[in-house]
Each structure stands twice: as C-alpha cells, then as structure tokens.
C-alpha cells in the first residue's frame, strides 16, 4: 500500500435525506444471485465459503448482515456469527455465503497496552466553543506543531477546514457492487449512479492497515465522515453498521469512545492537537449492542414488529410442544405402571 496519503474532499458535503419507499435503493440481493442463463453460456453456481464455524450470535448482537445487508434483529433467533472471522449473517443467508473464512484477523492491537480500555471514559479536551480570537490562536498553535502540509485554515465565516486521519480497523467483511461492467458515460449523463447500477453484492476483507486522510469542515459530522469513507471504497453496506471511534493514550492506558453522529471530528482534532497519541480516529464495526431505533424509518419499524410477533409465536409454539411431549411421556409411564 502506498504511503502517500489519499485525500477525500468533504468541503461541500451536505446531508442527504433518507430515500422514500419510491426512491432508488440497493436491492437486498446477495453475492450468489445468478443472472438468467443464456442459451450459449449457462450460469455457474459459486462454491460455498470454506472454513466458517457459525454459531448463534449473542443476545447483544444488533447489526447488519454481511451477506444481504439487511438488519439482523430478534429476541431469541438473532443470527449466526463465524467464531473465527466474525462473519455475521441471517440464518436464511447461511447457505448462500461464498466468501472463505480468513480466520482470526490480527489488526495490530497491543493487548498489553489496551487491556484496561474504558469505552465510556470522558474526553479531557472537550471544552465550550472557542471565541474567534482563541480559535485563531489555537489554529496557529496547531499549524506550528505539524511537520507536514496538512494545515488547518480559518474561513471568513468563522468556520475552519483541515485534515483528519482515519484508520480502518474492520474485522468483518464489507460489501461492494457485483456488476459485470461499470456504468458507461451515457449512463452517468442520464443520472444512473451507484444506487441504480447495483443489482448484486459481493464481499471482501479490507486490508488491516487501510488509512485515509479526509479534508473536512469544522461542522462536518461523524456520520458524514463514515458515509464519505464508504463511498470512497464503494461499500454498499448500511452506514449504521459502522461507527467512528476516538482513541487516546493517557497515563499508560488506552481509552476508546464512540463518537455520536453529530460530533465534529475536526473540532476534536484541533482541541487535542496533532499528536496521534493524544487523539486518533478509527472506523470499526458498530457492535456495541445498542440500537438507535430513531434512525429507522416507519416501514422498517413496522417490519421489526412483525418479526417480533412471528418470533414470539414460534417460540411459544416450541415451548408448548416441549411441555406437551414431556406430559405425554409421564402419562405413558403412568399407564405402564401396574396397579397397586
């Protein structure tokens, strides 16, 4: 991998609204979806993934399927997760997984240094908004400490621009479009973008040392940074599958904290200074077990209620059958016993 930083410009980034039911959306297909066979060249089935050891996902697993991309949710029957590579999918998607297990991924963590990590540790440099004079002084001090050309610049409207570095520490695979050929120039002119061109998905593991530099505004939010990174890698997974974390080393220990969607990474970078030990940003899977239900649309929430009702009915039926079989065996034993 090249050592030259690749810059992603977020200068004109504007939050986009959630597409409605009639809008374009990614078809939730999977990597094994086969196109209709032609008379001359029949479609070939892909071999199932090798090496996976799937187990029932834990009770706190609330995430998105690594195969179809849909949300995995339930009370009893959540999903499956490979014990080695952490590939996570629905029960229904298990037979369609064609990505081979890569085994446990060593992402370069230092177990001795990070064994006492506190996810909820407050950040010492979070302070109220700076005045214009203090902001100018802070930017001047920041630029004087860096040894590269990744400076911060103050704008006339009081905002400022600068660079943040994000490390991608993803254990699970990501999904990208699986299409025969990229959209043509005519398709681009007609407005056929990534959302309309995607019909299938395929998965792969990102390199463990992937790093990206982003040029952002002071008001750029953490959620926008995640979306920009996914667009850069053509990742079609739901952005809510991922989270942006800050990492800080203090007093011989390492602390992690997940940024909220509305936090501004460049502001944190300015307040912490350019030192990577004082603050660094890491993109990881959002596997905290917490579900932000407000982030889902009304149709999605109604669908979750239907899933919950169906799962409850199936679970109750299983319990009733279990007790019925036990009662039947006891009654058979009673009838088999001689009287007296």
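From the backbone N, Cα and C atoms, a Cβ is placed for every residue, glycine too.
Positions annotated as domain 'Phorbol-ester/DAG-type' by TrEMBL: 51-101. Shown for the domain 'Phorbol-ester/DAG-type' (51-101): DSSP residue counts in helix, strand and coil, namely 3 helix, 12 strand, 36 coil.
Marked as domain 'Ras-associating' by TrEMBL: 194-288.
What TrEMBL lists as domain 'SARAH' is 290-337.
Under DSSP, the residues of the domain 'SARAH' (290-337) split into helix, strand and coil as follows: 42 helix, 0 strand, 6 coil.
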